[in-house]
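Visitor: Before I ask anything, here is the structure I am working with.
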Amino acid sequence: MKFVDEATIIVEAGKGGHGCLSFRREKYVPKGGPDGGDGGDGGSVYLEADSALNTLIDYRFQRKYKAQNGEPGAGRNCTGTKGEDLVLPVPVGTTVVDMDTHEVLGDLTKEGQRLKVAQGGFHGLGNTRFKSSVNRAPRQTSKGSEGEARNLRLELKVLADVGLLGLPNAGKSTFIRSVSAARPKVADYPFTTLVPNLGVVSVQAHQSFVIADIPGLIEGAAEGAGLGIRFLKHLVRTRLLLHLVDVAPYDGSSPADAVRAIAHELEKFSETLASRPRWLVLNKVDMVAEEDREAHCQAIVDELGWEGPVFRISALSGEGTKPLVQAVMRWIEEQAEQEADNPDFAEQEAARRRRMDEEARQKIEADRQARRAARNADDDDDFDDDDYDVEVVYAPE
């Protein structure tokens, strides 16, 4: 199934049912009082997180959704039936944004979590409601109100504990295949991975974490080069970044330059995301002669001036992957324990995630506006007014 991580939809809640104008009329009761019932409330629209879904593709084919209207009231003080609520399933990890106000309405991060996005209309009142001591036969009713309507943008960000960074062909997909049951496509050409892939890494019984592999970045990605930066938003929810680098690139390029290029693109996308804990993973060490391996890897670390954790692995053979995933598991457990025991730390972490979300949204929106402006400029060039005044000269036969 095609992976779609953004969709725009229009939701409209149901209208409230109108109140009823009615009077009691029975045998031997020629002048009964008012008995018009209220209308029913209109149905509301909800979004519900569903773990069985992993894409927003269904919302690309149908964009308009409307809840049921409330039924009008009836005589004998019968209240109209309430309109049925409309519940739209979305993948876990979906952010809902009001396109008109740019307000973030909510984040659906847990299975079964619901978010009301359009309030149903209020019911109208029947004439019974307007009876008083001075008005025994009211002919006044009220109409049900309109349901709320909204233009929404749905943004899916995958939920993962660990995110993989690196240039195309750095071995990210091979690594996730090596440590989990995920089976992303692997080939010897750039941009084999076109959509994010998730894998569950089981370290031992009841100890596991989720890892996300996104399409590779290249220099200039923040300006739209390669696959651009649209997939970087999927790293916003991660706790830890693993930066994979090929220690023996086939084109002879510098591994240190590759690391710096990705770090630069990350900073341009989100400074908060760039400040996330990031570990350096030197991959494909089996491509370097064993006697030169230590010196070669250390030279890369020295050139970068890297002060964080460094791991040397071969994703293809599995060499060094077990110590890496064990270290990641320990780090994640320590972070979770610290968040549980320290409310201040938990609040700082939540604030950091909100900043990353906002920075990512602003960057992606700016990128979207730039692409739209470029397309409009191209269209204008195709319709130059001077084209209609071209002089046609016929060559003599």
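Positions of Cβ are set from backbone N, Cα and C atoms, glycine also.
What Swiss-Prot records for this protein is below:
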type     : residues                                    : note
BINDING  : 166-173, 191-195, 213-216, 283-286, 314-316 : GTP binding site
BINDING  : Ser173, Thr193                              : Mg(2+) binding site
COMPBIAS : 129-144                                     : compositional bias 'Polar residues'
COMPBIAS : 336-347                                     : compositional bias 'Acidic residues'
COMPBIAS : 349-370                                     : compositional bias 'Basic and acidic residues'
COMPBIAS : 378-390                                     : compositional bias 'Acidic residues'
DOMAIN   : 1-159                                       : domain 'Obg'
DOMAIN   : 160-333                                     : domain 'OBG-type G'
REGION   : 128-148                                     : region 'Disordered'
REGION   : 336-397                                     : region 'Disordered'
Visitor: How long is the line from the C-alpha of Ser314 (GTP binding site) to the C-alpha of Ser173 (Mg(2+) binding site), rounded to the nearest angstrom?
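Guide: One finds 12 Å between the Cα atoms of these residues.
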Visitor: Check the DSSP secondary structure of Lys284 (GTP binding site), expressed as helix, strand or coil.
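Guide: DSSP call for Lys284 (GTP binding site): coil, neither helix nor strand.
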Visitor: So, by DSSP, how many helix, strand and coil residues make up the compositional bias 'Acidic residues' (336-347)?
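Guide: When I sort the residues of the compositional bias 'Acidic residues' (336-347) into the three classes, I find 11 helix, 0 strand, 1 coil.
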Visitor: Mean pLDDT across the domain 'OBG-type G' (160-333), rounded to an integer, is what?
Guide: 83
Visitor: Per DSSP, to which secondary structure element type does Pro215 (GTP binding site) belong, with helix, strand and coil as the options?
Guide: coil
